[in-house]
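Colleague: First, the structure itself, so that you have it in front of you.
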Amino acid sequence: MEKQLHLNLLASRPPMAGPGGFQSGSKIKMGPGRKKDFTPLLWSQYFETMEDVEVENENGKDISFPKSLGSLGPVLLLLHGGGHSALSWAVFTSVISNMITCRVVAMDLRAHGKENTLDVGKVVEVLYGENPPPILIIGHSMGGAIAVHTATANYVPSLLGLCVIDVVEGTAMDALNSMQNFLRSRPKTFKSLENAIEWSVKSGQIRNIESARVSMGGQVKKCEESSSSPSLSNSAGEGIIEEEEDEDVEEESSKKKMREDDQEVKKESVFTWRVELSKTEKYWDGWFRGLSALFLSCPVPKLLLLAGVDRLDKDLTIGQMQGKFQMQVLPQCGHAVHEDAPEKVADALATFMVRHKFTEFKAGYMWYVYVFWRKI
């Protein structure tokens, strides 16, 4: 039975004001010789609850974990990128909730197959019934592609707007050719969750220590311990081959040795990747092909946030010049834009929503902006 995770916003933390605006405390400055803290942060510091909900689909029932929080403002439905989880939005949600009146639902997508678009619609139906509140879908990378497909398929009838973060058809399709090489270059296992967090920061996968400390717990899981020897495993693809020829014997011996080596690595390690992205390759083309045209065809206000202007393809360049969507480039960020710069993403989204009268700035946030402006 597949599982999904829905995490909803905890009562927001008080913002930390700084010279550049609201700060979440995500950028930690270390003095000389001071060791960085890679200890995990609990999801409960950012989200309120996880609640089991059964969602009907063609294969029967699946379990999800949503719960709505609050009764004011539109719902921000957050869809994460490939291999990530709802926890990748943790720091962002704590910032955006200080800026505008809104409700937040972050959703864990199932093992990244073709069902994800339909899943989003089913989850909204279970959460809100036949009369859902106004909803703005926000998706990062693969989640951005799913957000676009969900919007164009009208799975969310109360859709207010659409925000896509750092995913463009042209660059995404080009990147697919080297994706398997990238996945092979990552460590297969980690000795601890702290080790995984440290790797994510030092490798540049996540450039924000606070976000890495909470989100990596959703990307990795504890390795499963096998009670039997590798050669007797009942796992798919690990059955014993009948030794009818000498060549078959040599081949099986080689496979057995590889399994034993892998088992030894797992004995020494504790954590491995939660989602095996390499096994989802057959879906990659379907996620991104035709995405730019679909995005432009969505009949709602649209916001595209990019880490670099060079990511625009031809269709989006023309559409942007024609004013079909709003675009903002957030430099000095990696691909995980909302994790690297949660304050900038929250500010761009809040401004977009207020501009279209979807919500209002909170009084405290406006007061701070006014005082800062007067001080200058």
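Just so you know, the numbers here start at 1 and follow the chain as drawn.
Including glycine, each Cβ sits where the backbone N, Cα and C put it.
Pulled these features from TrEMBL for this protein:
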- 76-348: domain 'AB hydrolase-1' (DOMAIN)
- SER141: active site (ACT_SITE)
- ASP166: active site (ACT_SITE)
- 219-261: region 'Disordered' (REGION)
- 226-239: compositional bias 'Low complexity' (COMPBIAS)
- 240-251: compositional bias 'Acidic residues' (COMPBIAS)
- 252-261: compositional bias 'Basic and acidic residues' (COMPBIAS)
- HIS335: active site (ACT_SITE)
Colleague: Just to verify a number: CA distance, HIS335 (active site) to ASP166 (active site), in angstrom, no decimals.
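Modeller: Distance (Cα to Cα, whole Å): 7 Å.
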Colleague: Give me the count of other Cβ atoms within 10 A of the Cβ belonging to SER141 (active site).
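Modeller: SER141 (active site) is surrounded by 24 other Cβ atoms within 10 Å.
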Colleague: Hey, what's the Cβ neighbour count for HIS335 (active site) at 10 Å?
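Modeller: Other Cβ atoms found within 10 Å: 19.
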Colleague: Residues with Cβ closer than 8 Å to the Cβ of ASP166 (active site), same chain and 6+ apart in sequence?
Modeller: HIS140, SER141, GLY144, LEU305, LEU306, ALA307, ARG311, HIS335, VAL337
